[in-house]
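Copied over from Swiss-Prot:
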{"type": "BINDING", "residues": "G84, Q85, T86, G87, S88, G89, K90, T91", "note": "ATP binding site"}
{"type": "BINDING", "residues": "T91, S217", "note": "Mg(2+) binding site"}
{"type": "COMPBIAS", "residues": "550-559", "note": "compositional bias 'Polar residues'"}
{"type": "COMPBIAS", "residues": "560-596", "note": "compositional bias 'Acidic residues'"}
{"type": "COILED", "residues": "575-730", "note": "coiled coil"}
{"type": "COMPBIAS", "residues": "1116-1152", "note": "compositional bias 'Polar residues'"}
{"type": "COMPBIAS", "residues": "1200-1232", "note": "compositional bias 'Low complexity'"}
{"type": "REPEAT", "residues": "1282-1319", "note": "repeat 'WD 1'"}
{"type": "REPEAT", "residues": "1389-1427", "note": "repeat 'WD 2'"}
Amino acid sequence: MADTCVQVALRIRPQGNREKLEGSRVCTSVLPNDPQVTIGGDRSFTYDHVFDMPTLQYVVYESCVEKLVDGLFDGYNATVLAYGQTGSGKTHTMGTAFDAAVTQKEEDLGVIPRAIQHTFRKIAECKAQAIEQGLLEPAFEVSVQFVELYNDDVLDLLSDDRSMSSSIRIHEDSRGEIVLHGVEQRSVFDMHGTMDILKNGALNRTVAATNMNEQSSRSHAIFTLHLKQQRVAANPLDESGEQKTGELEMEMLCAKFHFVDLAGSERMKRTGATGDRAKEGISINVGLLALGNVIAALGGANGKVSHVPYRDSKLTRLLQDSLGGNSRTLMIACCSPSDSDFVETLNTMKYANRAKEIKNKVVANQDKSSKMIGELRSRIAALEAELLEFKQGRRTVDVDGHEVVNDQYHENVYLTSEVNHLRFRVKALNETLDILRTENIDLKAKQEFNSIASLPTAGSGGAEGEVDAIQSTFRKYLEELERTKSLLYESQSTCDQLRKDNARWKALGASRGSGGGNAEFNSQKLIEMAKQEVEKQRKLMESVNIGGENVSSEYSSMAQDEDGTSNEAEELLDEEDLDEDEDETAEEKQEQEESEALQIDLSEVMIELDIKEKLIDQLERAERQNQQIRETYEKKLRELMERIKDTETERDRVLNEGGKRGGNNEQMKAIKQEYELKITDLRKELKKIEALDKEHLKVIAKSQRELQEKTRLKSEVVDLKKAKVELIKKMNEDKKKQKTQQLANARAFATKEKQTRLQANKIRTLEMKDKQREQFLKKTTQEVNALRKEKAVAAATARQANRGTPRGGAAVTNSPARRVRGVVGGVQAIKELAFSAKASKVKWDVIVRKIEESARRRQIVQKMEAELERYLNERHAVMVEIVENEKQFTQSQDVIYRDGLLEAIDSAKQKLQYVQDQITYQQKLICDVDEDITASNAENEPILDVGLKKQTIKQLFDGCDTLSEARYLLQHLFDLCIDKAALAAKVESEFKECAARIEQLEQQSSLKEQLLTSIIEDKNLVDEIEGFVPSDLRKSRTSSQSSLLRSGSPSVVEDAHTLQNYKVRRHTATQEELLFANSEENSMVSDANANPTVDVGADVGDSDERKEKKKRIAFVSTSPASTSFANSTSQSPSFSRNTRFRSTVGGVSNNNNIRKSVQPLINGKGVSSTARKGISRLPSVTEDPEIGIFAKSFPGRSRSNLMSSSSSTTTTTLSSSNLLNPRGTTSSSSSKSVFARISPSWLSDTCAELIMRNNNRKQSRIVPVKDGMRGNVITRTHTLEGHARGVLSVDVNEKLMVTGSKDRTAKLWDIEACREIRTLGIHPNNVHLVKFVPFSNYVFTFSMFEARAWDYRTPECICVKVLNSSGQVNEGDSIDVSQVMPRQNTIPFLETLITAADVDPTGQLLFTSFSAYVRVWNLREWKPLGRLNAASHSPKSEVSCLRTTMTPEGSILAYTGSRDHYVKEYEVGLGTGVIESKCEFTPPHYDNVTAVLPLNGHLYTASKDVNIMKFSLKDGKREHLELRAHQQYIQSLTGFGPKGKELLVSACKDGTIRFWDVGSSSRMKLVEEYSKAHQEGINDMCSTKSMLFTASGDSTVGFWKSNAV
């Protein structure tokens, strides 16, 4: 059995035509040659196989399915599951998408058709291979079945009658496999027949059309292929790896292959399913949910599998074998690459990722008999190998019965290798000796020849021939002498060895006390006798299963070795082998059963036996050596005698020949003497050898005596071995008896234990019954007593009733309650004893937290998915708009109109890109939501039981030990459900109330609209007002008042507090006063002499004309400026939480059109006289600000009832906050003024802004401070006043100062004269940055997305240029800075907020931020130069602060701080484009970077984490970190003091200023602190050589003078 994980393959289908037309983007990416897929930008999944969009069908099959089909023929089950959302290509991948009218192409065949082809092709190959090998042809049986699971009913797709689903039952057979009863199983014989069955079944499958798929599968389909085969079983392998030959045996294998085509998961919202389709979708999702629960249980944490809910669904029951059972399983997860299906694709990948953790236990489905035969064969092979190892001595059994490798085996291996090594060495030495002997002979021959040649000889013709003959003769004699010497040396060494052996045997014999006699025994006969005894002993040993080797063969093999040294080594090896075999037999007996009593005796016998055997072996070896030595000496003696005789003969022959030749007598004598000397030497050697021979004979006699001793020892050895065998037999018998006794004792103990257990259970059952009986009796007794008491009380009551005294009624009433309380109290006591309330409370807390976590996760995911769906719908709408505009562009011939269409198309494409970015961002958020929630919960959760925290909710409920604990949890769960239901009902009630209120407001708005229509119609102002209202505003009047409520831009909340101090008389005009005024007060004439009187009811009969006018007037009355272009542009990003804008940017509007439409209404230009007169009756916006626009009294009621109502209701509005709605909507209420009702909402906003401005105006002045705050470093000298709201920014040059405020103004000041020079216009929103341009007469003011350049040389301070964040440059006269417009809370499309800006020290470059980048401007040419790239790490972040400086070399350096905590350095040139960061300062801050300051070779950075960091500009390393430099987050940094000795100044949100000494050391030293230097936070600071200026949220600027001046 082998564990194998479920294989998972991911297949991404190609995009469809509809998805491409809808503009869906690909949200998945696959790494090449790597099974990894990435979704959402950074969420990656790794599977066993990943197939991207262009993957063909055959690649999918060959990569992961083909090997499963091959395993089918080895008896292994297999399953292929196709999972995914509807329309993701599951049916196409599996190959069941058949069309009766279309023939399917070969390359389009799916997994199932290809598997069928592969199966029958493999069958043919197996039969052909068997025939080639001469084996029996295997027999195959193939059958198929095809079922579908429709609405949780199993239907047979191959059956003619598919209505009988109740007859199909799911069972589990004896082997644990799932089988279906009642399903038709058809036998197939070829591929075509199987394909026909598959096609017919696929056509019977339930399909239907949905919004996502024209042919959507409405059921789960399972096609099963059964294969049975009978083949020749393979023989087992031997040690060499070859198959053993033997009888042929057959084996039976059976396997099944499930092809599962799961129906796709559906969302009713997207599929549009209703009725039966909806029911089918619900059933499909329920089955897939149960499948997901099974996968989650099998692939749980730490590999622990608890209860697996297979029975929750028929689908999981059918797939029980495939998931966690006996099957090789492959899941093919099909998904869509389109971002419109992003959520479903992500869920599919998560689903498949969990399936990878499942482990199946796979075994071959083999017949029982063939399986048993295979197991026995493998067992026999293993036993044979083990037996061989025991025979060879590789394994032995120690005293404890454990198998160990014999030490003698390792020793034998070592000695064998050593002998081989010595043999090679001896061979090499012999070769070397032969070479040296030859060289020695040559040298001696040459020496003798030279000595002979030096003798004087008589000249003869044959002298040269004689010399050669003499030389050859000398050489022969020398060779013979050398050979004789070597033999002599060998004989001497042998004699020495024999002497040593003799001395050793003498010492041994003396120690044994053996006195050798002169008994004459024949050595050979004694050896033969010893051999016979050994043979008898061997047979005796074999009779008791003691293996051994043939001793005679051992002796014969030892006698054949020629070398004495090697003979001794091999004899020792053979001797050790023999001892090893004998010891092995004894140890095999010892292995079986052991006896401590006999073990000691056996050990002593074994030791003595070993010693005697070794002595016998040594004697035998000495006898053999003596025999060999004797033969050798005899041979050498004969050789020496022959050589002496030959030498004498040769001598005589040489002398005779010399005498015949008549040579020199002296020479002959010399030769004769030399030969005589040689002969003498040889005779001496011969005498020595004869002496040795005599001594050898003595040794032989001694060895015969020792041989007698050997015979005696052998007889003793035989006796000892017999004793050993008897002891072993006795030990075995004792062990058998002990084992039998132990088994009997174990059986008896088990029986006793079982009886004890049964008795204990019986006792426990009886005790329980007795306890129940006692409780029942007690309860019965109590009830009887209670009834008796009730009866007695009833009788007493009856008697009292008869007597007229109603006593005892209370007792009757209270007795049942008392009885119930007693019973409940007893039950509660039992419950308290049954479980621990504290442990249940802990478990309940864990359950509540997990429920809250799951609910929170689901809420977040649903919210993100809804946001993603909204962006997808918006993208679809933009795509439709682009297509429509392109169509009109191709059809139109008007050049101007075509240009407009091109502009609209470009704008729509830009909007499309923005929407696509938002879609990508939402996808990334959805991918990261699980990790973020998990991390959040880990940080916020209290410390609880770790074991409980790791369990799921289901596991916690399943782990209830007692019924009381379950009741406890259910009670709390019931209470929790009631609380949540009550809360939900309350929220629903509030929602309905709000909806009713909205509806009421809509009705009131409609009524007021009708009133306004009637009023304006009576004054004939419709045509005149429509004349100057822009056409696009007229077209935009298509939505209801409720849509206006939703689309209105938020207004500034801070502006509302300025109207709260008005206290005026409240009077609200009623509808009767407006509709049914009398003739005196309801006249609509503003001037009786100038204008004719018009009756309100005079035009009632003019229905058509009045209806048309009403429509036009309705447009005029409900067209807000904030929504004029809300439908043509997309929503821009909102202001960040750290910006100095406090109003929220909502929709997008074009304020130029608004201003153009508002201007005529304010100035009265472009309007007819009648309309101008009607508008002139509105309150003037140019009155004296000291008086206020509502201080002036209107004419009396005689002028008109309208003006009276307007006057009264206007004062009413001042007492409320409805004029400045915090939500910025255009909805009206009953308390809104008539002025607000009779004028457009954008006009009301303008008037409201003027109201706020006039009532908050302060006198602009610079006031000296008496007794100002004084310290060691600086002293407060002056205070600048003049702004109505907080001052956000300040900058100075030599004589001038500029300030920017929340009141949307910037002011230019003369700091020497202490006066205001000029107010620099009204800006769209807060002026959060102001900057002087060095070496020029320009000053910049920054508000929202605009940077305005002002020339302050002229008294008017003209606006020269307007630079937008997008890089657009406008002329200064393109905006009318003198006009007062409403506060702009929206930004146009493609524009972003300028959150940071700075001018370089040369005055040539301007740096402005836009999102995560910084744009660089050339101020000489007024055009953008380039940008600083990636100033923040994330493109969703933005630059929060910016500073520039110049190096001594003239390079310009820019330092940026971002909201994602990082600070970067850029080196900027005049002709640069995209500039990458030069350095990134690490480590980053822990929060948003609020200020950066380069100062004296260092960079100081501050952040919301209230820390200040000091970096070196040389290497970019941090030198110091000042922790908690302030109590609140730091908003500004600047340097103060003389150059080179500046102090670092920091200011924070609570108005505190701190001075730091940063030059004396690497650390920062606090010099002085000015707490509460301002009442509110300090937003900005700047300084000169001796002055410090602080801009605060208390609408003032503080002037501080250095005390060192």
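The backbone N, Cα and C atoms fix where each Cβ goes, glycine too.
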Q. Tell me, how many other CB atoms lie within 10 A of the CB of Q85 (ATP binding site), whichever protein chain they belong to?
A. 24
Q | Counts by DSSP class (helix H/G/I, strand E/B, coil) across the repeat 'WD 1' (1282-1319) | A | 0 helix, 23 strand, 15 coil
Q) Cα-Cα separation of G84 (ATP binding site) and S217 (Mg(2+) binding site), in Å? A) 12
Q) Same chain, outside the repeat 'WD 1' (1282-1319) by at least 6, Cβ under 8 Å from its Cβ: which residues? A) 1054, 1140, 1142, 1253, 1256-1262, 1325-1332, 1334, 1339, 1341-1343, 1350, 1352, 1355-1357, 1383, 1576, 1579-1582, 1584, 1587, 1589-1597, 1599
Q | pLDDT averaged over the residues of the repeat 'WD 2' (1389-1427) | A | 91
Q. Ranking the binding-site residues G87, G89 by other Cβ atoms within 10 Å, which is at the bottom?
A. G89
Q. For S88 (ATP binding site), what residues in its own chain, 6 or more apart in sequence, show a Cβ-Cβ distance under 8 Å?
A. R13, G264, C334, C335, S336, D341, E344, T348
Q. Counting by DSSP, what is the helix, strand and coil composition of the repeat 'WD 2' (1389-1427)?
A. 0 helix, 20 strand, 19 coil
Q | Cα separation, S217 (Mg(2+) binding site) to Q85 (ATP binding site) (Å, whole number) | A | 11
Q.
So if I draw a 10 Å sphere around the Cβ of T91 (ATP binding site), how many other Cβ atoms end up inside it?
A. 26
Q | Conformational class of T91 (ATP binding site) under the three-state DSSP mapping | A | helix
Q.
My understanding is the cutoff is Cβ-Cβ under 8 Å with a sequence separation of 6 or more in the same chain; which residues meet that for K90 (ATP binding site)?
A. A82, Y83, G84, S217, D261, L262, G264, I332, C334
**Q.** Cβ atoms near S217 (Mg(2+) binding site) (within 10 Å, other residues, all chains)
**A.** 26
**Q.** Other C-beta atoms that fall within 10 angstroms of the C-beta of T86 (ATP binding site)
**A.** 25
Q: For G84 (ATP binding site), list the number of other Cβ atoms lying within 10 Å of its Cβ atom.
A: 28
